[in-house]
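Visitor: This is the feature table in TrEMBL:
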type	residues	note
BINDING	B:Asp207	Mn(2+) binding site
SITE	B:Glu238	site 'Interaction with galactose moiety of substrate glycoprotein'
ACT_SITE	B:Glu294	active site, proton donor/acceptor
CARBOHYD	B:Asn313	N-linked glycosylation site
Amino acid sequence: MLRRRNLLTTLLIALPWALLLTLWHQYPTTHYLNLLRKETDENTTSKTLLNGTSALREEGFPSCTRQQQSIGATPKIIQNYVYSRPPPWSDTLPTIFVITPTYTRPVQKAELTRLANTFLHVQNLHWVVVEDSPRRTNLVSNLLEKAGLNFTHLNVETPKSLKLGLSWIPSHTPRGTLQRNLGLHWLRDSFSNTAPPEGVVYFADDDNTYSLELFEEMRYTRRVSVWPVAFVGGLRYESPKVSPAGKVVGWKTVFDPNRPFAIDMAGFAISIKLILEKPHASFKLEGVKGGYQETSLLKDLVTMDGLEPKAANCTKVLVWHTRTERPTLVNEGKRGFTDPRVEV
Amino acid sequence: MLRRRNLLTTLLIALPWALLLTLWHQYPTTHYLNLLRKETDENTTSKTLLNGTSALREEGFPSCTRQQQSIGATPKIIQNYVYSRPPPWSDTLPTIFVITPTYTRPVQKAELTRLANTFLHVQNLHWVVVEDSPRRTNLVSNLLEKAGLNFTHLNVETPKSLKLGLSWIPSHTPRGTLQRNLGLHWLRDSFSNTAPPEGVVYFADDDNTYSLELFEEMRYTRRVSVWPVAFVGGLRYESPKVSPAGKVVGWKTVFDPNRPFAIDMAGFAISIKLILEKPHASFKLEGVKGGYQETSLLKDLVTMDGLEPKAANCTKVSSTRNLKDTISLLSPGCFYSLLPYSSTFQCACLVLAHVSAK
């Protein structure tokens, strides 16, 4: 009788503590304590909350575990909870490396901001931002620091000769090529000595729109996966042609459907393994006709029948090739009307 | 000795269970179970996960508590966790009602998608989407259902006469006005019989960019709060002029700075209390000059010295008005790209003069 009682008691004690430990492992303790504190500090105004620094992110690789910010007694931490909430890093989920080339122009901060707002929902995402710039700018550095994502910040300047020279039609100058290649190079460098994680590489331009579903579609790519992209090639969307058997057999495009890979940059993802298997595969700069930039990379990686169609056999549109119009700044005049120290 | 041991035992049992209960109250159980299941199902492919429906949101008002989706044994639920994560609703935090007028055009779904992606980070946000349409469209309905946000879906069609007639220059036609007014009307209706929650109303066009910080700035608005907006009025940003004492004393704009409220639609928020106190305040449709739409509402609500400057006394830019996204479809040309200012809903015309195909 006593033994049974002891057993029961031990069980009643051990079980909840075990559950608690599991939960705390999943959710950093800060969240729990934040919410507790929030319940008690109902009437605190938000003014002290506005300068909270972002926690839970770090730069560099390969270890991408989350560091917990020290918990102080101020309500600051609650704001972190609201501002930047990437989901906890999972050791089992494949990582999505998103390579984003970017360049300085008025809407850059806005574009990166809303991109970050989208990425903050995606688990195990590592954002590789490559600036087309001689130096890493403060604007991007600060944005990445504050965002809360796992990121890597690189830069490489496109020589002016490349910007203008390759083709007199600016639209055919492959933009962002050097930057994307640097992203690939960094990836190969990071895993030259260590076992690469499961994962994919995705090239995400900073002015497109991405649904959250897209990242889950690409996450389990074995070699190269493809899907439709809206607003490219002068169409509502371009899409791979998928046979009933689920294989890619062609391209539903109007513009040059006979390209080896008639697909937009936003329409495919490559597994990390494949990137590392083929260390010389990269985007070509020279002799690349308009619309062939993607082909210049993919032809060294995969053939058409090796492609994996996603998005319900390429029947759903999960990414939009949106573009942002240049804002008119005519009223700034020659001297500039607004304070240049205010960052936009 | 025995008594102490009993006490200790009771404590050791009660404490963790109490903690667990509190945690489970904060985090819907689905999350915990999802994560557990994920740990065990490492090698499950994602194909079965792709059709998960979204949980944790509901339509309607005033009760905005979260309903938990029933937990089945399928891995579907994990996908929900990844897709749609609004922060748990708090009973103490003021609510932010975001009124977004929208209309059908090719980029509508893209715009609403990335807007939703931003709003999903903001606690206690209720999205009021008002379509300029005779009927609520499936596109918007489905998007709202899947997003996971608390939302209200309304619609009112702008009569063609208003779309074209008020001014021969389309950019001066106040766009989205009827829709915003309907949003205000719904708000007043919803709280006609119940005590209104603490909160603010914000008019968010579907093609702007909003930082997360902005929503925390506006949340504790007492009457009307204001802040700078980028890319309006032909400037990098327009801003209220704030005195050292922290009062709004003017407007730093080039375009007509003498307007009573020389501020963009994205540059202010109004407390719900004030909206309900002044039930006749709404955006005027007729006789509204270009750039005066905001004034037509605000003049009935507040005076300049009653404004609350936010964003570090209006020195930080947290909301950006983006001109409309361009797409390389053939569209009728438009000639108004040189107009420096438009207080109206984004004019499709402004797009084409600067299209640069990539």
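Note that Cβ sites are derived from N, Cα and C of the backbone, with glycine treated the same way.
Those TrEMBL annotations? Automatic predictions, nothing curated.
Give me the lay of the land around each of these features.
Guide: Other Cβ atoms within 10 Å of the Cβ of B:Asp207 (Mn(2+) binding site), summed over all protein chains shown, number 24. Taken residue by residue with DSSP, B:Asp207 (Mn(2+) binding site) is part of neither helix nor strand, so it is coil.
Cβ neighbour count for B:Glu238 (site 'Interaction with galactose moiety of substrate glycoprotein') (all protein chains, 10 Å cutoff from its Cβ): 28.
DSSP assigns B:Glu294 (active site, proton donor/acceptor) to a helix.
Taking all protein chains in view, 16 other C-beta atoms sit within 10 angstroms of the C-beta of B:Asn313 (N-linked glycosylation site).
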Visitor: Out of B:Asp207, B:Glu238, B:Asn313, which of these recorded positions is nearest B:Glu294 (active site, proton donor/acceptor) by C-alpha distance?
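Guide: When the Cα distances are compared, B:Glu238 comes out closest.
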Visitor: Would you kindly give the Cα-Cα distance separating B:Glu238 (site 'Interaction with galactose moiety of substrate glycoprotein') and B:Asn313 (N-linked glycosylation site), rounded to the nearest Å?
Guide: 13
Visitor: Which of the three DSSP states, helix, strand or coil, fits B:Asn313 (N-linked glycosylation site)?
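Guide: Going by the DSSP assignment, B:Asn313 (N-linked glycosylation site) falls within a helical segment, counted as helix.
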Visitor: Whole-number Å distance between the CA of B:Asp207 (Mn(2+) binding site) and the CA of B:Glu238 (site 'Interaction with galactose moiety of substrate glycoprotein')?
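Guide: Spelling it out, the Cα of B:Asp207 (Mn(2+) binding site) and the Cα of B:Glu238 (site 'Interaction with galactose moiety of substrate glycoprotein') are 18 Å apart.
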Visitor: Take the recorded positions B:Asp207, B:Glu294, B:Asn313 and keep those with a Cβ under 8 Å from any chain A Cβ; what remains?
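Guide: Contact set vs A: none.
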Visitor: Where does B:Glu238 (site 'Interaction with galactose moiety of substrate glycoprotein') sit in DSSP terms: helix, strand, or coil?
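Guide: SS state of B:Glu238 (site 'Interaction with galactose moiety of substrate glycoprotein') = strand.
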